[in-house]
Ligand SMILES: [Mg+2]
């Protein structure tokens, strides 16, 4: 390869964008969600891009690892992984830090996954460069499309109408705490995006109330696949009681009880398949699930922390080997992450469920051309070189300015919830 395509420069730009007051097991979303935009530039002037976590520990890790890329070919993904692993060694956790991680939903703070997260952040940007050089979409670099569009699900949240410290005009979605409000939220999201399956983020209101929400959705949208995700915030006993109430309604049951042992206890008494993005989150945990006879039947992957698009393809081979299903988890994100997910999911034949996305909850965008358009709940797989999206420089500057002024450097759903309820402990499982 000529030296003109050698990587010359890496830019990491932290950004913040508006995020509604969405409730979850950890607490509630803050008014701003953080991400980082990664740009990898070659000596010839090509720029590969990606989007990843924007919490301070992740920004520190990206900054520490970035010099490892200088001089590398964009094709040298394996060498990049070796260099990143050598530079980014996870710090040893104290016991309380380790336990602290278990109740956090803030992905940027999972230090044990730092190497995988940094590798992923660089891998996608390097694949974007490869695609530009080969004049091929990333999905072709991954073996070509198994489908030409990727289905996503309507991701419903219980939510307040406004943030406690609302720094901008409230979002258009309004309050959602009752079953009727939840159905209205689903109706609005499905009308707007055409989603054909529904996921409810739970673990926040009393479980009976959340079960009533699912039953109301089942009645309002007959035949639509439904999932509920309490993020491990229910005991095994509560998990079993609620799944009885939801018999015949759920497509899968996502992380009802905490820990793989808790999930295994639920699986022994329940015939609805269990899904997770909490207890099988890396290859070591995959092995533990397999050793236990696979109580978890569906792995909800996320290339941002599984180590990238190729690592997720390897995960799909393992899932097939062990007769497991595969779909995708999501955090608050913008279009670069969405389009990377879409290339990946198009390349994985096993992907048989609609993927999660927070995208409808955001109204800002960092890619040129603005918000990506869903067709009947699906995104068309790009056919142009690389990722198929480029950065809107003005938008990037604006979102970076948000970051500089928002005052948030690490996601803290628990601390945010304490502004509404000073007594809130965040203890899990809560119900
Ligand atoms: Mg989940």
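Glycine is treated like the rest: Cβ placed from N, Cα and C.
So that you can see what the record holds, here are the features copied from TrEMBL:
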BINDING   29, 109, 155, 199, 229, 230, 231, 277, 329, 330, 331, 358, 411  substrate binding site
DOMAIN    179-273  domain 'Mandelate racemase/muconate lactonizing enzyme C-terminal'
ACT_SITE  201  active site, proton acceptor
ACT_SITE  329  active site, proton acceptor
Rounded Cα separation (Å) that holds between residue 231 (substrate binding site) and residue 201 (active site, proton acceptor): 8
Neighbourhood of ligand 1 - binding-site residues from 29, 155, 411 with Cβ under 6 Å: none
Local confidence of the prediction over the domain 'Mandelate racemase/muconate lactonizing enzyme C-terminal' (179-273), expressed as mean pLDDT: 98
Cα-to-Cα gap, residue 229 (substrate binding site) vs residue 201 (active site, proton acceptor), nearest whole Å: 5
Other CB atoms within 10 A, centred on residue 201 (active site, proton acceptor): 23
DSSP residue counts for the domain 'Mandelate racemase/muconate lactonizing enzyme C-terminal' (179-273), split into helix, strand and coil: 49 helix, 13 strand, 33 coil
Cβ-Cβ distance under 8 Å to residue 155 (substrate binding site), same chain, at least six residues away: 199, 201, 330, 356, 357, 358, 360, 361
DSSP three-state assignment (helix, strand or coil) for residue 155 (substrate binding site): strand
